[in-house]
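Over in TrEMBL, the protein carries these features:
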- 87-109: region 'Disordered' (REGION)
- 88-103: compositional bias 'Low complexity' (COMPBIAS)
- 148-181: repeat 'TPR' (REPEAT)
Amino acid sequence: SALELVPFGIKPLLRRAAAYEALERYSLAYVDYKTALQVDCSVQAAHDGVNRMTKALLEKDGVNWRQKLPPIPTVPVSAQTRWSVPSAQAPGANTAPATAPQGEGDKTAAGMERARILKEEGNEFVKKGNHKKAVEKYSESLKLNKECATYTNRALCYLTLKQYKEAAQDCTEALKLDPKNVKALYRRAQALKELKDYKASIADIKSLLKTEPKNTAALRLLQELNRA
């Protein structure tokens, strides 16, 4: 019904996709996640959804799974927010996104590519054990592109550096982008445990276990929390 009112609305597309996924109607979920990415290619939850559905459909229908898909609608340029200027209106206002001036897209594309490179550089510093330098790289990357994985990576660094408040904040930002992100829930639970907010930490672990009931690290952390 929401999509009838606002065709190609990101939130209704993602929520319907999640509902289809829960009902194991993977091909319909795949179509909604792919449509969401046409509207805004930076939505991490949609990328993650496409990856999950591809895996599920491959297992279900084999290598020819794409042939059994319903048609994916083509999103008109007017509905694409990929390179749009942020709306100055109140959040939640259902307005058509403003189209960026000519040439703006190239700059944004370059910015996103730069953000990706900075994130990779951060990952390399993590591998070398230089978490302070990694934080710097992730912070630069996030200025250009707010991505869920970059927040959870920086949160891991903050945990190692015992900056627990910062770690919890980064996980909260990641969860705004992907409410069921397992890494964000687990790392925020770790940070909250260190901050002695056991109730909130347990709540995060329970949310995580709804998505991954057999996650051994989460189950182990829950045992520790119950003893705390």
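Cβ atoms are placed via backbone N, Cα and C, with glycine included.
DSSP states for the repeat 'TPR' (148-181), grouped as helix (H, G, I), strand (E, B) and coil, give 27 helix, 0 strand, 7 coil. Along the repeat 'TPR' (148-181), the predicted structure has mean pLDDT 94.
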